[in-house]
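Trainee: Before anything else, here's the structure in question.
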There are 2 protein chains.
Amino acid sequence: MPAPSFCQGLQHAQEMTHFPFSPQLTSSSFLRIGQLSNVDLNEDIRELETELPRQHPNEIPHNEKLLSLKYESLDYDNSENQLFLEEERRINHTAFRTVEIKRWVICAMIGILTGLVACFIDIVVENLAGLKYRVVKGNIDKFTEKGGLSFSLLLWATLNASVVMVGSVIVAFIEPVAAGSGIPQIKCYLNGVKIPHVVRLKTLVIKVCGVILSVVGGLAVGKEGPMIHSGAVIAAGISQGRSTSLKRDFKIFEYFRRDTEKRDFVSAGAAAGVSAAFGAPVGGVLFSLEEGASFWNQFLTWRIFFASMISTFTLNSVLSVYHGNAWDLSSPGLINFGRFDNEKMGYTIQEIPIFIFMGVVGGILGALFNALNYWLTMFRIRYIHRPCLQVVEAMLVAAVTATVGFVMIYCSRDCQPIQGSTVAYPLQLFCADGEYNSMATAFFNTPEKSVVNLFHDPPGSYNPMTLGMFTLMYFFLACWTYGLTVSAGVFIPSLLIGAAWGRLFGISLSYLTKGSIWADPGKYALMGAAAQLGGIVRMTLSLTVIMMEATGNVTYGFPIMLVLMTAKIVGDYFVEGLYDMHIQLQSVPFLHWEAPVTSHSLTAREVMSAPVTCLRRIERVGTVVDILSDTSSNHNGFPVVESNPDASQVAGLRGLILRSQLIVLLKHKVFVERANLSLVQRRLKLKDFRDAYPRFPPIQSIHVSQDERECMIDLSEFMNPSPYTVPQEASLPRVFKLFRALGLRHLVVVDNRNEVVGMVTRKDLARYRLGKEGLEELSLAQT
Amino acid sequence: MPAPSFCQGLQHAQEMTHFPFSPQLTSSSFLRIGQLSNVDLNEDIRELETELPRQHPNEIPHNEKLLSLKYESLDYDNSENQLFLEEERRINHTAFRTVEIKRWVICAMIGILTGLVACFIDIVVENLAGLKYRVVKGNIDKFTEKGGLSFSLLLWATLNASVVMVGSVIVAFIEPVAAGSGIPQIKCYLNGVKIPHVVRLKTLVIKVCGVILSVVGGLAVGKEGPMIHSGAVIAAGISQGRSTSLKRDFKIFEYFRRDTEKRDFVSAGAAAGVSAAFGAPVGGVLFSLEEGASFWNQFLTWRIFFASMISTFTLNSVLSVYHGNAWDLSSPGLINFGRFDNEKMGYTIQEIPIFIFMGVVGGILGALFNALNYWLTMFRIRYIHRPCLQVVEAMLVAAVTATVGFVMIYCSRDCQPIQGSTVAYPLQLFCADGEYNSMATAFFNTPEKSVVNLFHDPPGSYNPMTLGMFTLMYFFLACWTYGLTVSAGVFIPSLLIGAAWGRLFGISLSYLTKGSIWADPGKYALMGAAAQLGGIVRMTLSLTVIMMEATGNVTYGFPIMLVLMTAKIVGDYFVEGLYDMHIQLQSVPFLHWEAPVTSHSLTAREVMSAPVTCLRRIERVGTVVDILSDTSSNHNGFPVVESNPDASQVAGLRGLILRSQLIVLLKHKVFVERANLSLVQRRLKLKDFRDAYPRFPPIQSIHVSQDERECMIDLSEFMNPSPYTVPQEASLPRVFKLFRALGLRHLVVVDNRNEVVGMVTRKDLARYRLGKEGLEELSLAQT
């Protein structure tokens, strides 16, 4: 059996050590290559396919300066092989118009379905939570008179814990990827990282049920973040015209069965999710672009906007009908901040420094939140990785949340007149008749309602003490809650914490300035909410627009922007944003917008992986099988070189072929006997590749007989004949820019004679990062 | 004297004719090469530098299917030569932070200055126009009683014509590029086309004065469009830290003296302009992104947003102070559509088909507008190209506008009670006492005010006949006006036409439905305005957001989006958008978002220009001078190949060097004698290149003696050693994507052995376009 042709890499080793810049880096990259060859990729692939039950060792060693090799990349670059080009050339102008119309139809469907899912969540939560609050309220009212409120506490805590238990069990045991808000996962997906199971139907079902149960279970969570994930799953499902989980193929939209198209639709889905969650269609578009799209395309953006608009419109119509005012269209999102009246609540120039100060506070509190959550997450990764432990923790948090709420309500003596207030479930407790307990409105309510109350309740509705205690307790509860194995978002708790301290701040200001009219506590609650949320998630443009759209007016645009910007700058000084932190803790090879500024000293030669396994244009089947089965070949793409270079000719790069393509070729037995090379090998169609997308079988599942191993396979018409390349001298920022802008998965590094010397993939670029002391290099591992 | 080394091209000619796809295209591209060699570029360069007075032949032959070669490209790709890399490597982390802070400071300054310029325009226009209206009103009031209103007409027409004359003279004789709204020019600049003089200080001054005079002169124009151009010029000026016109170099911001950085700031300036014009900071960001940025970068976007916010805030503060309500902050833009009250003016689901119908009407009317303007522009290009003729035409239009207005006011018998109306200059004319002429409010006012009146005047303020006549006349006036040699925008006239027919439509609806409450004429005026503007300019997401922000609420987002989308689809069916049309009439090599869908049949081999003039790594000075002086070398970039390839070695591509770099090298005499090749040639710094940017001298201005011609020049450290390349087999969409996404100027086409076979530049890609009958190829010319 002839050895696979390893090209160039080794010959160049000597050259590399002579390279003038940073020899220590060169040697470290050699070390890395050594590590790579120990990697067992087989297991990973098998696991992905056959879905073995995950094994949980007792303690998982974890290091944040690690990049996991288990994540594959998406390929935003079409493989322009002959099959593809033939199809594209066959399609005429009219057919392209049909494709374009299909794209619009899909976007409309994404919008409608996302809107309907949001409605479903909203209505179910409203009813179940209402039921729960009525039961507990009845119980409390009963026992307030009779004494024995501990029964009420028990009832409340048990109710919460049992609801959360169900929510946690389905997530932990059925689909762990549905945990959390899903925003980090969608960020990764849009960035080009394939997170297993992230856009499956099962994930959607678990996500939706999970978020309903978490909110009803009284956790300090919101139902908005998960909408983004839900929208993305809906988009991925619809655009492919089939569900692998349900084993149904509708034979439509087959043209869109590739990463490029799918990712575009997932962007639209995520935008539609934001749009439904906050009634913020423009914010949704900006969210998708900020997080995902590297290449801004006008048509794509317009489609995304269309999906967003349809989504909020659907939600608005259905909820309006449900609430009985069919033509009113007053519920554009799951949460609406309510109308801020321009005339009453303008701002003046003097207030701007105050807003900036609030941004600073938000940044610091956000950084504190993230730091606490970081330690908690590290603890969870180390010790709470069994599903049953995760369920127990979630139940504990639910019970504690109820208890804290109860104790605070119990101890509070902040009574407000019930007359004229809009509280949904006023709890009288120890207040006089006709009054209600003000602390209870904050705890005894879905967080969305509490936020709106804090924004709009007239001055004097809250006691400063109540707000202070509430901020403190809710801060820690929310921090403990984020990262639990339940499906839930962090937007609303952040807004709630911020609104509480913002209102407190406004009240103090009003007190200090002896009640100047401009210190409206509602306005400060809004700014506080923006500051806190900005300090935690560090989103920029999109968050400003989301806040603007959710408040329904544009007057506060400038102060909100200032607050968010300050919060981001201050927060970034201490610690990363919550989502980025969690992405990093997962060791995901995430590509940021630009290469680290100080990385001009690195060149492609130093960052690339080498040696690269190359294939010849006409290759022995046995060799292909061996290379694919070889556990040391860690790439999913293989450069193709000329078959028989004679001495005078250079064995230059001819193309690039993907593991998935080779597997389809082997599966369909596309090869001819060596003796009959003149025979034409079997023709495949693009459809064969599309049918296998995205779950290509592993090489182990394909049987190749000993005779077949001796056959030859001609890769010419399947390989991409014009892969992107860079010369070895190109600097890292240059390589990064090409890779990021075009959404590549493989970038071949060639020398002056167009011979392959290495390959740059996502992990090679994501490894370099700007740390506190300059450029850092993460190590790679199979975690 | 050795001949310049022409690499590869000719050897490959035979190969090219054997190429299987579309031989007719191949032969046509050969024809094209023939044409190119006749081109006289010298003249162009000389003209750029020495600014000869432009010559105007009597009739300019013009063909829309033409691409001009006179436009150069901007280079969004840094030339990563050794000098650049050494500088970048020298800069440490802290220094990069300083650079980043400088970027923010520049953006703040751009915002402030743009806001101030907008204030200046607003205040001057308000005062001058007020003066004019008072004078004319006084005159009319006087002659209404006495008879002899023809004197008033004469006065009005003369006033208008003389003001417009001044505005037209400065544009036509001093800076013709300041004509029009400037949006097409800025679109081109952001797209990467260098339009001469477009971002000069002189242009800004003429633009600002011109727009004031046009608006005061009573033309059917707005002052909003030109703000975008003004913002862009301000940004270009500030970011470079110097003004070539004023011969002042402040020695700051030198790091930003290259196309990449400058273009980023110009994006911010354009956004700040939109923001100041419409009070739409988010719309401004989206405008810049939609028109310019091919690569979405989070940090850049955030900076652009910052500049936009600062701009609207500055305008708001200054105008608030000017209007005497310092803390009110109620004028976020030059035009504010006024508050649409949510509660009174919601929309219902039944209205949506009506809105869509309005979109169709807007699309048709917009297409008609554009088609008329197209013929008019063709006529102007052919016959009205002398500055004095242009001035006369502008004066004629001004006089006709006044006359039409006067006649319509005179003939109108639509009187409205003056009580409770907000008309600024109520003209009584033949109305009873206490009433005013309703037609006069539309004509006798700045168009901005008329738009707001149409949106907000209570039902019954306008007679349907008045609105109908007004729409008709204003439509033709606006169409005639756009393209005049005055500085003015088309946004406001479009909005005004749309608002007028929209209101008429609303009134008719109300009449037909017997006065259902939902048919509020103001709402329909808004939708009509959106439809008309969308039908003319065909902007998408950004226009939706601009309209949303200008109305100050988000409720109408969905219907506005529907209207704009319908208008765009319907309009595109007939004819292009106004800006795109004018760009095409200027034969600008504009790159759209994607390659034409049916262009997969073309490959790099067919679209590239060949043969390419290559330079050797160590080249004779005489050869370089000859190549640069050679009028047939039409490229501004030259591939660099190995100096002395022996038979066994391939003369592969080593780098790329720009004309501008070579000129700086020659100017600084960076070469050594052939006999002393071992001597080190003079070192240059990046500063030498930056000082010459962007107006590099022409080769003719550099004297090279006969001795110096025999010297040798080593290009190694100045060339970009890792230019982007594509193989010849790459399809046009693939080449296009790479070129567009990275904002390239030159893309080298190489063969399998990395030898240069051709070069792809902007014009090679812009030549292909999707026409009515499929792929069209534009011809290239020196017009």
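Backbone N, Cα and C define each Cβ position, glycine as well.
Annotations per TrEMBL:
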TRANSMEM  B:104-125  transmembrane segment
TRANSMEM  B:153-174  transmembrane segment
TRANSMEM  B:204-221  transmembrane segment
TRANSMEM  B:265-287  transmembrane segment
TRANSMEM  B:299-322  transmembrane segment
TRANSMEM  B:354-376  transmembrane segment
TRANSMEM  B:391-411  transmembrane segment
TRANSMEM  B:465-484  transmembrane segment
TRANSMEM  B:490-512  transmembrane segment
TRANSMEM  B:524-548  transmembrane segment
TRANSMEM  B:554-575  transmembrane segment
DOMAIN    B:719-777  domain 'CBS'
Trainee: When the domain 'CBS' (B:719-777) is classified with DSSP, how many of its residues are helical, how many are strand and how many are coil?
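Mentor: Its residues divide into 16 helix, 24 strand, 19 coil.
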Trainee: Other than its close neighbours in sequence, what residues sit by the transmembrane segment (B:299-322), given a CB gap under 8 Å and a spacing of at least six beyond its ends?
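Mentor: Residues packing against the transmembrane segment (B:299-322) from afar: 103-104, 107-108, 110-112, 114-116, 118-119, 122-123, 231, 235, 264, 267-269, 271-276, 279-282, 284-285, 288-289, 293, 328-334.
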Trainee: Take the transmembrane segment (B:204-221) and find every residue of the same chain, 6 or more past its ends, with a Cβ under 8 Å from one of its Cβ atoms.
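Mentor: Here the qualifying positions are 117, 120-121, 124-125, 128-129, 132, 156, 159-161, 163-164, 166-167, 170-171, 174-175, 178-179, 182, 229-230, 233-234, 237, 397-398, 401-402, 405, 446-447, 474, 477-478, 481-482, 484, 486-490, 492-493, 496.
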Trainee: Please indicate, using numbers and ranges, the residues of the same chain that are 6 or more beyond the transmembrane segment (B:104-125) and have a C-beta under 8 Å from a C-beta there.
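Mentor: Non-local partners: 204, 208, 211-212, 215-216, 223, 227, 230-231, 234-235, 238-239, 253, 256, 265, 268-269, 272-273, 275-277, 303-304, 306-315, 318-319, 322, 334, 446.
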Trainee: Same-chain Cβ contacts of the transmembrane segment (B:465-484) under 8 Å, 6 or more residues past its ends?
Mentor: 168, 179-180, 219-221, 365, 369, 372-373, 376-377, 380, 390, 393-394, 397, 400-401, 404, 408, 412, 414, 438-439, 442-443, 490, 493-494, 496-497, 500-501, 503-504, 507, 578, 582
Trainee: Under a Cβ pair cut-off of under 8 Å, which of the recorded stretches B:153-174, B:265-287, B:354-376, B:391-411, B:554-575 contacts the transmembrane segment (B:524-548) most often?
Mentor: B:554-575
Trainee: Could you check whether the transmembrane segment (B:354-376) packs against the transmembrane segment (B:554-575) - three or more CB pairs closer than 8 Å, residues at least 6 apart in sequence?
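Mentor: By the criterion, they touch.
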Trainee: Where does the mean pLDDT land for the domain 'CBS' (B:719-777)?
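Mentor: Here the mean pLDDT over the domain 'CBS' (B:719-777) amounts to 88.
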Trainee: Looking at the stretches B:265-287, B:391-411, B:554-575, which one shares the most CB pairs under 8 Å with the transmembrane segment (B:153-174)?
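Mentor: So the stretch in question is B:391-411.
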Trainee: Residues sitting near the transmembrane segment (B:391-411): Cβ under 8 Å, six or more positions beyond its termini, same chain?
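Mentor: Residues 149, 152-153, 156-165, 167-169, 172, 217-220, 380, 384, 427, 429, 437, 439-440, 443-444, 469-470, 473, 477, 480-481, 484-486 contact the transmembrane segment (B:391-411) from elsewhere in the chain.
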Trainee: At a C-beta cut-off of under 8 Å, are there same-chain residues at least 6 beyond the transmembrane segment (B:554-575) that contact it? List them, or none.
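Mentor: Sequence-distant neighbours of the transmembrane segment (B:554-575): 340, 342, 345-347, 351-352, 355-356, 358-360, 362-364, 366-367, 370-371, 374, 523, 526-527, 530-532, 534-536, 538-540, 543-544, 547-548, 581.
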